[in-house]
Amino acid sequence: MKTISSQRQMLLALSAAFMITAAGCSNTPVAEEPAVQNETPAPTPEPTPEPTPTPPAEQFAAPLTGLGLPAALKLRPLMFMVENSPRARPQSGLDQADIVYEVLAEGEITRFLAVYQSRTVDTIGPVRSIRPYFVQLGEELDAVMVHAGWSQEAMNILKSHKLDHFDQVYGDDKYYWRDKSRKAPHNLYSSVPKIREAVTDRKKREDWVPMQLTFAPADAVPVGAPAAKVGIPYIAGYDVAYEYDAASGNYKRFMEGKPHEDRVTGKQLTATSLLIAYTDHRITDKVGRRDVDIYGPGKGLLIYRGVAQEVTWENKDGAIRAYKDGKEAGFLPGQTWVQIVPNNTKVTLE
């Protein structure tokens with residue numbers, strides 16, 4: 001009996017072992033942990049740059065300079081009488097004028113007529129008295145004239161022709177000021193804003209039908225005599241010279257061999273174009289006052305880019321213009337200086 005029991009126990013043990021082994025060999029899959037994937041993060045989108053606004057095209061040209069403007073400009077020109085005695089130098093504001101006329105006054109000295117239409121200038125002067133031929137230049141241009149005093153003939157024209165003008169000596173002092181660092185009468189100044197204010201206050205006409213000067217292309221190559229240096233002889237203390245600066249394309253201005261500078265900026269005065277206008281000058285009294293023909297026609301020299309061209313000139317359609325071979329010869333865009341000189345003046349060119 002004992003032997004049978006032992007055999008039975010052995011069979012039971014073998015059966016249990018078999019079941020355990022079978023369970024261990026089961027094909028049931030074991031779940032695995034998902035693999036961690038190192039994903040590359042998506043790049044941060046860069047902001048789209050705003051387009052740079054295109055500046056407005058300069059579709060218009062300033063009538064008296066030919067330089068580009070974003071809009072048409074129809075304000076009346078202002079013409080300032082500016083002194084040129086040694087005690088008045090350096091002057092203020094000539095560097096920003098559209099056109100500057102230099103003409104002999106009495107005593108063989110010169111005086112400037114500075115025209116402002118396209119720029120706002122805060123200091124102009126010293127302001128001095130007006131003469132008849134300056135009045136005529138202003139009348140032709142339909143400009144408002146700015147002065148301090150007058151010759152009787154000049155006032156006769158201003159009154160009889162009913163021309164708009166502001167005279168510091170009689171009634172318009174509020175639109176001028178004195179610079180105490182200088183001695184009178186070489187210390188009187190005004191400005192474009194002051195005179196625009198005067199025009200409004202006195203109910204003068206503000207708008208202007210622009211007369212358009214003719215301008216040569218900016219890259220024009222003139223043909224004529226070499227003119228890297230230009231000399232204009234006056235009496236001692238007033239000799240004028242210009243020297244061409246190829247880097248800027250302008251002529252630098254000198255008086256008595258020294259740079260002619262602006263008092264406000266300290267910079268030397270320059271001109272893009274020069275017009276030498278030869279004309280009749282006649283002494284009218286013992287003081288040396290003159291009658292100057294500003295209408296023409298007459299002979300002249302148009303000078304820019306280091307070259308002088310022989311031309312004729314004539315005051316036509318509001319301004320002194322140059323003509324060559326029967327056609328108007330344009331200035332270069334920029335500031336123009338018109339030197340009105342007696343017919344016998346010996347201008348030198350180098």
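Heads up, the Cβ atoms here are built off N, Cα and C, so glycines get one too.
Residues or ranges marked as signal peptide by TrEMBL: 1-31.
The region 'Disordered' annotation in TrEMBL covers 30-60.
Summarising the annotation, TrEMBL assigns compositional bias 'Pro residues' to 42-56.
Summarised as a single figure, the pLDDT of the domain 'DUF3048' (64-203) averages 97. Among the features that TrEMBL reports, domain 'DUF3048' is placed at 64-203 (among others).
What TrEMBL records for 232-338 (among others) is domain 'DUF3048'.
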Across the domain 'DUF3048' (232-338), DSSP labelling yields 0 helix, 62 strand, 45 coil
Let's see if you can do this one: DSSP helix, strand and coil counts over the domain 'DUF3048' (64-203), in that order.
41 helix, 39 strand, 60 coil
